[in-house]
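Look at TrEMBL and you will find B:Phe98, B:Ala155, B:Arg270 tagged as NAD(+) binding site. The annotation substrate binding site is assigned in TrEMBL to B:Lys121, B:Arg270, B:Asn271. Marked as domain 'Glycerol-3-phosphate dehydrogenase NAD-dependent N-terminal' by TrEMBL: B:7-174. Here TrEMBL flags B:195-340 as domain 'Glycerol-3-phosphate dehydrogenase NAD-dependent C-terminal'.
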2 protein chains.
Amino acid sequence: MADRLNVCIIGSGNWATTIARNVGNNALTSQFLEPTVLMYVYEEYIEGRKLTEIINTTHINVKYMPDYVLPTNVVALDDVVTTARDADILIFAIPPTFVSNCCKTLLGKVKPLAHAVSLIKGFDRGDDGQILLISHIIMRQLKIPCSVLVGCNLAHEISNNNFCEGTVGCRDQKYMRILHDLFKSSTFRVVVTDDADCVEICSTLRNIIAFGAGVADGMEMNENTKGGIIRRGMLEILQFVDVFYPGSRMATFFESCGLSDLVTSCYANRNRRLAETFVKTGRPLSELEYVLVPGHEPLGPVTAELVNIMLKKKGLEDKFPLFTTIYRICAGAYPLARLVETLRFAREDIYHPNHIFQL
Amino acid sequence: MADRLNVCIIGSGNWATTIARNVGNNALTSQFLEPTVLMYVYEEYIEGRKLTEIINTTHINVKYMPDYVLPTNVVALDDVVTTARDADILIFAIPPTFVSNCCKTLLGKVKPLAHAVSLIKGFDRGDDGQILLISHIIMRQLKIPCSVLVGCNLAHEISNNNFCEGTVGCRDQKYMRILHDLFKSSTFRVVVTDDADCVEICSTLRNIIAFGAGVADGMEMNENTKGGIIRRGMLEILQFVDVFYPGSRMATFFESCGLSDLVTSCYANRNRRLAETFVKTGRPLSELEYVLVPGHEPLGPVTAELVNIMLKKKGLEDKFPLFTTIYRICAGAYPLARLVETLRFAREDIYHPNHIFQL
């Protein structure tokens, strides 16, 4: 039998801790994996004790997930290089803005044949200022392939053993089964596809749409308006993938990373709530982001801005009227009422020209 | 200039009256249409007065839409043959079970070049017992083409001038613009496609999925379960069209008849509410249907049953696990908990085999 693979997790927030429970349990029973899973924890002191020490003795991440117990084979470390150096699979679950520095620290210190998996949603700027998917930043900086796991925008739903779905976008055929077995549980259904860019983009762009849905909720618009935002949003996601990451497959949009994450985000995620509060209170976004989600950056407005930069550069703002409208509402450049105007007048033929007749 | 077209509406319920307002207003301003729109009303007596007489004097359909005024050029008649005989466009908006008899009455009495438009959702049995789409029943019996208008499952949202979307599935190129102009309003966005079967099927099958979503709500399942039902539901709708009405286009599923109607139904329609109450009260469906929706047959359970007959005939029940599970829950043959089991174990490759890796 081949050597078993070492797995580490870089990050210890809510989502990292959630997935550490699945990964820890699966490592214990898998024939492909070493049982011990190292987890890099940004060291903090909680009532005078180190967080790593608390996790390693109580097996509870008291800071980010106090109600759940981790498997005892998940071991917290306060040094990222020590955590990562022997790992064959590196799972990244840190805020997007920390990725670049983390990779700089790790460059040349991870196994050359290691495989990364990003759980991080969003775009960020690479070293050269170019806007990139997080997995691309990791690949460029660490020089190893980086798959993605997305889905289930509600970490507590996995932890509570409610039914959830996730999609892995895998960049190496031989990791498909391994990554499936690494993340799944009896209630967390994982599907693996090789259309990795599309998986990551869907899960990133949906935060823009969720923000738009929250604006509609804040304005107490009707159900059909929200349905229209979801539909138009899906069309613009399709078109965005087609323009910026061509070659993706239609099937991927029907995975959980596409259709179901988009819908659940528009009814239940924090971007939606942020937007609703933004509309109802009239307070600036910068204030609300801090109040509503301390420790979590709501990705809708940030993503809307980065996407707008990408669109502007190609002269495509008009071809993505919903993304553009939501960005401008966030930026204070459009009144809220523009949202419905956009739905009313947006052309239908963006993705399938000639297929649809419209005046 | 060519002769203007005569339009009539057959039916006077909630949806018929809603669309009569748009059609009436558009007929007044269109250069293609005669201004007078005849509406067939099933005669009833309201406090001793004929309903047709009330509508023609007060312009209010006191029975089905007491809060809205109809344009004065909409004229109610109590005889269906008189209503239809001079019409170039016949809009059908009656309960599905009345369609067959209505067509029998009209056969040979409508203009041979007339064009029908069905606003009726659902399947029904044709004369030979075969299960057919309503528009196909109309076409077979009346020997004229029948387009469909679907979308906006919430008639009051159109009436209140909230933003809504509708899709016309048009069976004759030269009616595309006419039907668009006939139904649209400043708040009701209408898109016309020629993929008529797909439009009608989407709007029919979504009632099964909405019932499933309501079961999940009744069981107080989590958001991701509902997202999973919507996603799986969409996949089975795609597959159903592929098996029973091949040749449809993917773009149609992204019209309002597809994605947005499915989503809004799963959050806000009467099938969802019926299912939620069914689960929470434990009372039989037959009792609840009457209590919840007097005068309206909630189509979810009925459609689930007809679809099941179609699937069984082809030995395909296993390939449509969600449709089959929802049907069996309606029929009392499965416990409610089977719904989540189905989501958990349903195979992913139904629509796009080879594209997706799954264990």
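Placement of Cβ uses the backbone N, Cα and C atoms for every residue, glycine included.
Unlike curated entries, TrEMBL annotations are predicted automatically.
On the 0 to 100 pLDDT scale, the domain 'Glycerol-3-phosphate dehydrogenase NAD-dependent N-terminal' (B:7-174) averages 93 in the predicted structure. According to DSSP, the secondary structure content of the domain 'Glycerol-3-phosphate dehydrogenase NAD-dependent C-terminal' (B:195-340) in residues is 113 helix, 0 strand, 33 coil. Between the binding-site residues B:Arg270, B:Asn271, the minimum number of other C-beta atoms within 10 Å of a residue's C-beta occurs at B:Arg270.
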